[in-house]
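One structure below.
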Amino acid sequence: MVRLEPEDQDCVSDESGFKPTVAKAGVITCLEAGERRPERVGGVPGEAEPPTPEPLEVEVGGTALLKCGPSHSPGNFSHVDWFSVHKEKPTLIFRVRKGQGQSEPGEYQHRLSLLDRGTTLALAHVTPHDERVFLCQGKRPQSQEHRIQLHVYKAPEEPTIQVNPLGISVNSEEPEEVATCVGRNGYPVPQVIWYKNGRPLKEEKKRVHIQSSQIVESSGLYTLQSVLKAQLVKEDKDAQFYCELNYRLPSGNHMKESREVVVPVFYPAEKVWLEVEPVGVLKEGDRVEIRCLADGNPPPHFTISKQNPSTQEMEEKATEDNGVLVLESARKEHSGLYQCQGLDLETMASLPSEQQELLVNYVSDVRVSPAAPESREGGSLALTCEAESNRALEFQWLREKTGQVLEKGPVLRLHNLQRDAGGGYRCVASVPSVPGLNRTQLVRVAIFGSPWMTSKERKMWVKENTVLNLSCEASGHPRPSISWSVDGTAHEQDQDPQSVLSVLNVLVTPELLETGAECVASNFLGRNTTTIFLELDSNRTTGLSTSTVSPYTRANSTSTEKKLPEPESKGVAIVAVTVCVLVLAVLGAVLYFFYKKGKLPCGRSGKQEITLPPSRKSEFVVEVKSDKLPEEMGLLQGSTGDKRAPGDQGERYIDLRH
């Protein structure tokens with residue numbers, strides 16, 4: 001301890017009678033006024049070695065408990081002064097008098113408090129600036145002093161690492177930057193260690209160099225930045241680099257690791273080769289990629305060539321991407337020998353790959369003979385299927401409209417052909433050894449015959465003065481032509497080579513309602529017709545009506561009427577007619593009663609006389625006139641079903657005998 005002379009301005013007397021002196025180690029001590037100074041130790045007159053301060057460790061933000069002497073030492077702490085020493089300069093920060101504490105103005109004024117009956121001074125919210133020596137002095141029973149060295153710690157944040165995005169060439173003669181590691185807000189400065197593939201790196205002349213620097217933040221914390229430079233080789237292209245920060249806390253030693261990074265390493269190619277995707281057996285229609293690869297980084301400039309089967313020369317193929325030839329739909333013409341060529345743009349050296357054969361399996365030229373088969377009813381046909389392939393083929397025949405397998409083999413034999421045997425037949429040529437490789441050919445069999453009609457008769461409910469579409473479908477071989485019995489605009493649509501659909505656009509007129517429309521289909525073998533009857537529907541809304549036909553129900557010279565739903569208004573009319581009949585029956589009975597009484601004269605106006613046989617002289621007939629439509633009045637006909645006379649204007653006779 002260095003004693004200062006009485007004239008030293010750093011030792012100031014106070015009411016306690018102590019004079020603080022400054023030791024070289026930054027420790028404050030004070031001597032009671034008039035106390036004898038000890039002699040110097042170690043051969044230096046008047047100087048003694050100061051005792052080692054008691055260490056105290058605390059984390060940033062925590063509370064440091066400064067004890068004035070060891071816990072086992074006796075002493076009176078009712079009169080104590082506390083000092084902080086910074087840059088060998090003591091500063092009074094706290095006084096204890098009679099067990100009561102008082103902070104001195106300054107940086108510690110609001111962070112100090114007294115604990116344990118005055119033996120402990122608590123320093124709250126510790127910062128890195130608090131790492132210094134604190135000293136306490138007591139007066140009674142004798143002068144005492146105790147020094148505490150406060151050590152402050154703060155764990156750094158997780159280290160961040162940034163790899164060199166430009167990469168490193170193996171041809172570089174000096175170590176180049178691999179990555180930079182940063183650890184922020186630690187205290188004291190942490191130690192950094194670099195790793196490659198899990199092994200620590202050490203400084204190595206002209207091979208590995210680690211350059212670290214630190215920044216002191218305004219908070220007193222440190223930010224560490226470390227740059228790793230190294231000379232890399234081709235084998236380091238996949239090397240994993242990371243950094244590790246080692247630091248200490250009151251609880252012990254700790255460490256944090258960064259993520260692993262890979263730095264781009266550039267090296268020339270030594271080998272070029274060719275790959276084909278997908279791997280395995282290829283077939284026509286597959287999407288195929290022919291890709292060039294090399295062991296250099298960056299890869300060289302590639303070209304792809306294919307051998308010309310005629311000249312045996314390699315011809316370059318155009319590619320959209322460097323070293324990738326895409327065959328969107330492979331064909332048999334794509335089979336052959338392919339080769340890649342790699343050009344190093346830095347050294348201008350060219351490296352060829354080995355030639356590789358590409359084989360695209362195919363089935364082509366599926367043919368059926370005869371190409372347009374036709375036969376009369378009751379005849380026979382033999383259909384033969386042929387195809388070409390680089391592998392063994394299998395054949396089978398299917399019925400087009402049902403998908404039913406008819407025959408396995410190249411020949412399909414059809415006997416006793418009828419009209420319904422006409423239509424499509426499909427030959428399927430497949431390669432069993434290559435799943436999914438097949439081709440088909442469709443052939444249509446025509447059976448000679450007069451036209452077949454979809455239906456013989458149809459009834460349609462229409463409204464007068466509306467536009468109507470009438471449709472008619474017919475099939476046969478040769479393909480029939482269709483004509484209509486009424487004027488209108490007709491449009492024909494081919495359903496298949498033997499079928500045709502005709503649509504007639506007409507205006508509903510009284511003449512059309514009376515005659516209906518007839519569709520006539522004909523070829524040189526005969527003709528057939530479909531009649532469409534039109535009925536007025538007064539309850540239907542005005543609009544365009546279109547008839548539809550089914551292409552699957554066919555009739556040849558056979559009446560087939562398509563059932564149409566009766567309109568709701570028809571049922572209402574029937575009920576009304578029934579009520580009228582009942583009313584007329586009652587009226588007839590009344591008339592008959594008056595007639596028997598002789599009170600009702602019987603005139604001849606509006607009555608048709610009927611001559612009865614002698615056995616029926618006693619039977620009477622009552623005449624009733626009706627305004628009902630003919631089709632409604634049909635309900636009033638006798639049970640014998642007699643038709644109305646041509647001159648009858650709606651008169652009906654009701655037999656009242658029963």
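Heads up, the Cβ atoms here are built off N, Cα and C, so glycines get one too.
Curation does not apply to TrEMBL; its annotations are automatic.
Marked as compositional bias 'Polar residues' by TrEMBL: 545-559.
Annotation comment: TrEMBL describes 641-658 as compositional bias 'Basic and acidic residues'.
Sequence annotations record features per position, and here TrEMBL assigns domain 'Ig-like' to 159-262 (among others).
Taken together, the residues of the domain 'Ig-like' (264-341) have an average pLDDT of 93. The domain 'Ig-like' annotation in TrEMBL covers 264-341 (among others).
Positions annotated as domain 'Ig-like' by TrEMBL: 364-444 (among others).
The domain 'Ig-like' annotation in TrEMBL covers 451-537 (among others).
What TrEMBL records for 35-54 (among others) is region 'Disordered'.
What TrEMBL records for 545-564 (among others) is region 'Disordered'.
Under the heading region 'Disordered', TrEMBL lists 632-658 (among others).
Per TrEMBL, the feature transmembrane segment maps to 572-595.
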The domain 'Ig-like' (364-444): DSSP-derived helix, strand, coil residue counts: 3 helix, 47 strand, 31 coil
Per-state residue totals over the domain 'Ig-like' (159-262) - DSSP helix, strand, coil: 5 helix, 61 strand, 38 coil
The domain 'Ig-like' (451-537), counted residue by residue under DSSP: helix, strand, coil: 6 helix, 59 strand, 22 coil
For the domain 'Ig-like' (264-341), residues assigned helix / strand / coil by DSSP: 3 helix, 41 strand, 34 coil
